[in-house]
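Have a look at the structure below, then the notes.
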Amino acid sequence: MDRRDMTISAWRQQLQSGEVSSRELVDQHLKRLESSEPSLNAFVEVTADQARAEASRIDEARAAGEALGPLAGLPLAIKDNLCTKGVRTTCSSRMLEQFVPPYESTVTERLWQAGGVLVGKTNLDEFAMGGSTETSAFGATQNPWNTAHVPGGSSGGSAAAVAAGSCVASLGSDTGGSIRQPASFCGVVGLKPTYGRVSRWGLVAFASSLDQVGPFAGSVADVAELLQVIAGPDPRDSTCLDAAVPVFSDGLSQSIKGLKVGLIKECFDAEGLDPEVKASVQASAAQLEALGAELVEVSCPRFNDGIATYYVIAPSEASANLARYDGVKYGFRAEDAESLAAMTARSRAEAFGAEVQRRILIGTYALSAGYVDAYYKKAQQVRTLIRRDFDAAFKSVDVLLTPTAPSTAFKAGAHADDPLAMYLADLLTIPVNLAGLPAISVPCGFSAAGLPIGMQLIGNVLDEPRLLQVAHQYEQAAQVFASRPEAALVP
């Protein structure tokens with residue numbers, strides 16, 4: 001069996017049986033990481049020595065008969081906007097290039113308590129603002145399927161690392177599609193949970209009412225396992241829901257016969273939707289129908305208003321969140337400034353990249369006294385209407401289905417001079433964040449050029465179990481997940 005296609009449960013069985021040790025497993029993934037990294041640039045920081053030491057400690061604990069967590073010995077990667085105690089957290093920005101957090105984020109703390117082993121921090125668009133992982137201060141990440149193409153963003157490093165086999169699974173964050181779009185582009189599974197299902201404590205904030213942490217993995221079952229570990233209430237995050245955490249893997253094997261799957265009309269009629277993507281997702285919908293699901297066309301009339309709404313709300317929240325970076329307490333500080341005001345202005349001008357500066361300016365404008373009613377408040381009203389459209393749709397269906405992205409991974413640099421084209425790549429994912437719903441991207445095919453295509457399934461609030469059930473049943477029937485970008489990997 002090709003070990004790059006193995007699931008968390010299969011690795012766990014081999015670790016428990018002694019067929020492979022945690023140290024051997026970590027070494028295998030580090031070897032693959034080191035071989036693929038020159039062509040991918042998926043990592044900002046590789047923690048090889050720390051990973052090997054932790055893996056050896058877990059092997060000793062296993063040999064001593066100690067109880068171990070469900071992820072014991074498994075090599076994991078973390079998006080570099082999640083704080084990791086003692087390990088740099090840069091947000092791929094010059095502003096935080098030397099920042100080493102004195103504390104651990106809730107989600108990473110839960111991963112380490114479950115036995116996970118950190119192999120590195122992954123590259124992202126600066127402060128998670130982008131859709132291609134090209135705005136990183138540490139260089140762009142490439143797509144493992146074709147290194148002339150982008151991996152998506154902003155969690156492109158996390159998606160590329162899983163696709164390349166540099167780790168068993170990874171974490172990302174999703175503000176407008178930043179888990180699902182890279183998952184689609186890189187041919188892996190990516191889940192954005194319900195807003196508040198997973199703690200944001202220790203996630204460096206971009207847009208606080210939209211940000212959500214979620215997992216990438218090679219299969220739906222693996223994503224369910226990771227969600228089981230990171231989900232749940234957190235008193236340190238007031239937006240984290242005090243909701244019971246179900247066993248997400250319990251219903252994976254159940255038939256979807258009789259479930260109603262809604263195909264959102266506005267998504268399949270969207271301007272700019274690649275015909276190959278549309279055909280692949282429609283064929284996947286037909287496969288769900290063959291499994292016993294009932295397909296229903298539904299309408300979300302304000303779905304296409306999501307882009308305009310998002311690009312008022314998200315930059316507005318970003319301009320407030322990023323105001324803390326002033327060159328005083330931490331982060332980059334410009335030298336030889338003639339005054340405090342000049343130091344702050346120069347620190348931001350020198351340390352923030354062009355896209356981050358653009359979004360701060362948009363947000364500051366939208367929140368200014370003369371325009372807050374016309375832009376920000378109106379955007380919040382439209383956001384409510386978008387959520388009501390979803391509420392209406394879920395009265396007649398169990399899950400919703402769309403393409404994840406309008407196209408396959410585009411070529412590196414293709415949208416460098418056209419921010420609007422870059423923003424439109426999130427057309428099909430953004431409304432889900434505005435509504436706070438859970439959604440998953442599952443590989444559903446390939447283009448003629450050999451690039452992955454993703455299908456997005458959207459669930460109702462806190463209905464991740466149903467979402468994962470449908471995704472798993474499709475995945476098992478389609479077997480698309482078994483493919484890997486072999487050309488980008490070492491044997």
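Quick reminder: no glycine exception, Cβ is built from N, Cα and C everywhere.
Pulled from Swiss-Prot:
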ACT_SITE  LYS79  active site, charge relay system
ACT_SITE  SER154  active site, charge relay system
ACT_SITE  SER178  active site, acyl-ester intermediate
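Local packing around the active-site residues SER154, SER178 was summarised as the count of other Cβ atoms within 10 Å of each Cβ; on this measure the leading residue is SER178. Between the alpha carbons (Cα) of SER178 (active site, acyl-ester intermediate) and LYS79 (active site, charge relay system) lies a span of roughly 11 Å. DSSP classifies SER154 (active site, charge relay system) as coil under the three-state reduction. LYS79 (active site, charge relay system) is 9 Å away from SER154 (active site, charge relay system) when you measure Cα to Cα. With a cut-off of 8 Å between CB atoms and residues at least 6 apart in sequence, the same chain places LYS121, THR122, LEU124, SER155, GLY157, SER158, SER170, LEU171, GLY172, SER173 near LYS79 (active site, charge relay system), listed in sequence order. When secondary structure is read from DSSP and collapsed to three states, SER178 (active site, acyl-ester intermediate) falls in the coil class.
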